[in-house]
C-alpha cells in the first residue's frame, strides 16, 4: 500500500499497529503491516519517531519530496540484500558490455512505451504516421547500436518525434526539464515519484545506485536509477497528458492542488493493472542483481 501525504500541517503517528494520518482531509488509519511506501509531498508535515520506527520495522519506506517532485531523501531499513559481491558484479558489467545490453533493453522498453502512447492518441494526431515511422526507425537503429553513443542517438531520435506528438496532444511548448509550464512541471513531478520507487528497489537488491550503464557517472547522480527507470517513464507521460488541462503552476511549480491530483493519478496508474508497479520494479531490480552475478 502506498500512502500519499500532501497537506501542510498533517501529522503522522503510530498506535496499536495502525499508522494514523491527521490533516485537512480528516483522520485516516492504515494497518502498519500493509504499508509499503509513505510519500511526503509537501513541507509542514510532522511524523513522530514512533511512527518512523514502526514503519521501518514493518519494512516500509518513507520518501520526502521537494516542490518539484524530486526525492530529497528516503528512510528505509539498512539494506538486507547488500553484498560486496553483487556490487563487484555490477562494476564489472559497467565495463565489459553487459551493462550496455541492459541499458539497451531499458531504452527499448521506453521507446516501445512511447509508441504505445502514440497509438492511443492516434485519432488526435494529425501527423501520427510521420511520428510512428520516426519512432519505428529509432527502434531499428537501437537494435544495431553497439556503443553508448549509438544507444543515446537512437533514444534522442525517438524522443524528437515523441515530444513533437506530445506537444500536439497537450499544447505544451516542448520537453524541458527546467520548463515552468504546468505540463513540464507535471512530468518532473511524476518522474520524481517513479525515481523514488526505483531508488528503493535498487538499494534493496544490493546494487549501487550511483554506478550506471548509460547515464554518465557524476557526483551525487544516481546513474543506475536513472537508467533503470527509463522503461516506465511513458506511463507517467500518459497520466500527465490526460491531466494536462487540469494542471496549474505558479512560479514554475505545480500548485498544491495539482500536486495532490497528479500524485493520486500517477499512483492509481501504477496500481491499475492488479500487479502493482512497485512490486514489478522490485522484482526487476532483484532479477538484474542475480543476472549480473550469473552471466
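Cβ coordinates are placed from backbone N, Cα and C, and glycine is handled just like the others.
Keep in mind that what you see is a predicted model, and the values were worked out from it rather than measured.
Of the residues proposed, 215, 256, the one Swiss-Prot records at the same Mn(2+) site as 155, 230 is 215. Take the mean position of the Cβ atoms of 155, 215, 230, the recorded Mn(2+) site; other residues of that chain with a Cβ within 8 Å of it are 103, 106, 107, 110, 151, 152, 214, 226, 227.
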